[in-house]
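See below for the structure under consideration.
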Amino acid sequence: MMKLKSNQTRTYDGDGYKKRAACLCFRSESEEEVLLVSSSRHPDRWIVPGGGMEPEEEPSVAAVREVCEEAGVKGTLGRLVGIFENQERKHRTYVYVLIVTEVLEDWEDSVNIGRKREWFKIEDAIKVLQYHKPVQASYFETLRQGYSANNGTPVVATTYSVSAQSSMSGIR
């Protein structure tokens, strides 16, 4: 199923969820700093770069394309962290790790909509995401659990469902 957006065709899975892809863009393989971008809707808020998949596009290809458009970075695509479901917004997002190897001075969203980017330590990224993007904050928790659950070998997560109400209850 597809729906036309101003600049792209949206694709949906069999359950009617929008198919999305995103990357946790790390400065190095140590995965200590991650790149976030300003939201197009709320420029004072930070988000994980990602977006809708195009028809017939593989999730990994969409993830790399989206981070180049939104964050102006290229790199080495790594493991799939998981497939995250946002029940409130009806999205399913494939989230990958990307180790940044090239940072573009000017990129599509910086030129077109003035999007900004900034490096964050993981704990700080979680803090800035947890209130307005709890599903995105959960990407980092899953990343951590993947390492600890298998002695440093990442465990590929299946679908995670986070509703705004359940995720906010754990925040103090």
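Cβ atoms are placed via backbone N, Cα and C, with glycine included.
Over in Swiss-Prot, the protein carries these features:
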- GLU69: active site, proton acceptor (ACT_SITE)
- ARG10, LYS18, LYS19, ARG20, SER39, SER40, ARG41, ARG89, LYS90, HIS91, ARG115, LYS133: substrate binding site (BINDING)
- GLY50, GLU70: Mg(2+) 1 binding site (BINDING)
- GLU66: Mg(2+) 3 binding site (BINDING)
- GLU66: Mg(2+) 2 binding site (BINDING)
- 17-142: domain 'Nudix hydrolase' (DOMAIN)
- MET1: N-acetylmethionine (MOD_RES)
- 51-72: motif 'Nudix box' (MOTIF)
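The structure, with features from Swiss-Prot marked on it.
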| residue | record | Cβ within 10 Å |
| --- | --- | --- |
| ARG10 | substrate binding site | 17 |
| LYS19 | substrate binding site | 21 |
| SER39 | substrate binding site | 15 |
| ARG41 | substrate binding site | 7 |
| GLY50 | Mg(2+) 1 binding site | 26 |
| GLU66 | Mg(2+) 3 binding site | 21 |
| GLU69 | active site, proton acceptor | 17 |
| GLU70 | Mg(2+) 1 binding site | 27 |
| LYS90 | substrate binding site | 12 |
| ARG115 | substrate binding site | 21 |
10 Å Cα neighbourhood of ARG115 (substrate binding site): matching binding-site residues from GLY50, GLU66, GLU70: GLU70
Summary of DSSP states over the domain 'Nudix hydrolase' (17-142), given as helix, strand and coil counts: 36 helix, 52 strand, 38 coil
Pairwise CA distance, GLU70 (Mg(2+) 1 binding site) versus LYS19 (substrate binding site), rounded so that it is a whole Å: 17
Maximum Cα-Cα separation (Å), residues ARG10, LYS18, LYS19, ARG20, SER39, SER40, ARG41, ARG89, LYS90, HIS91, ARG115, LYS133 listed as binding substrate: 25
Cα distance (Å, whole number) from the residue listed as 'active site, proton acceptor' to LYS19 (substrate binding site): 17
For ARG10 (substrate binding site): DSSP state (helix, strand, coil): strand
Separation of alpha carbons, the residue listed as 'Mg(2+) 3 binding site' and ARG10 (substrate binding site) (Å): 14
Cα within 10 Å of GLY50 (Mg(2+) 1 binding site) - qualifying recorded positions among GLU66, GLU69, LYS90: GLU66, GLU69
Separation of alpha carbons, the residue listed as 'active site, proton acceptor' and SER39 (substrate binding site) (Å): 13
